[in-house]
Amino acid sequence: YTWPDNPYGLSKIENEKDIAKFAKEHNIEVTILKPSIVMGTAEHPYPGHFSRFISAVIQTHRRAELVRRKIEGSLRLPVIEPLFRIRGNPEGKLNLIQIDQVARGIAGIEKAGTFWLTHPDPPTLQQLADWVGEVIMVRMKFEPEFKPTPIEAAFQKMTAAFAPYLQGDKFPSNLHLSPPITKSFIQETVKRSLYLDQLPIKG
């Protein structure tokens, strides 16, 4: 979990403690499922929280129309790609897992226990930034500390809820055979999310 950086993580820990106590008092077996950030599949991309973070980058740079034109193949003129720094750990890993892997993991559970429905080898934050940057035409760079420009400071404030996830995580995993989270999957997820107008982007 992201606690102590994220109160949400603490709430999950406390809930698990309560469940364990209840199970012991009533002599029952329980199963606890611990998924990470659940994504769609290559065939059916789902926006979710990951794409909403990217939406915030696009909104900050007022690039929605440019990105849509690029996806549609109607963008002809060269576009200046601004450097945009985001406070975070570039080598930290963001645990993304496709929903079909989560479903298979749940279906394969045969006994009570705690199961981490997470990816065994997720991409780093900088890898994700590079892959997404090619689509939205913004050169995103994760840095632990820097003096932000006004636009970087505004973005940091707007996306404060995401900050704990930008330090990386080291979750265990029970889904050891999950396929890799690839560049093409991430880029297709971003493209589908934007093209289908599933995100509240203005610009």
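Yeah, the Cβs are placed from backbone N, Cα and C, and that goes for glycine too.
Here TrEMBL flags 4-64 as domain 'NAD-dependent epimerase/dehydratase'.
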Legend entry - DSSP residue counts for the domain 'NAD-dependent epimerase/dehydratase' (4-64), split into helix, strand and coil: 35 helix, 8 strand, 18 coil
Inset, instruction - Kindly state the mean pLDDT of the domain 'NAD-dependent epimerase/dehydratase' (4-64) in the predicted structure. - result: 87
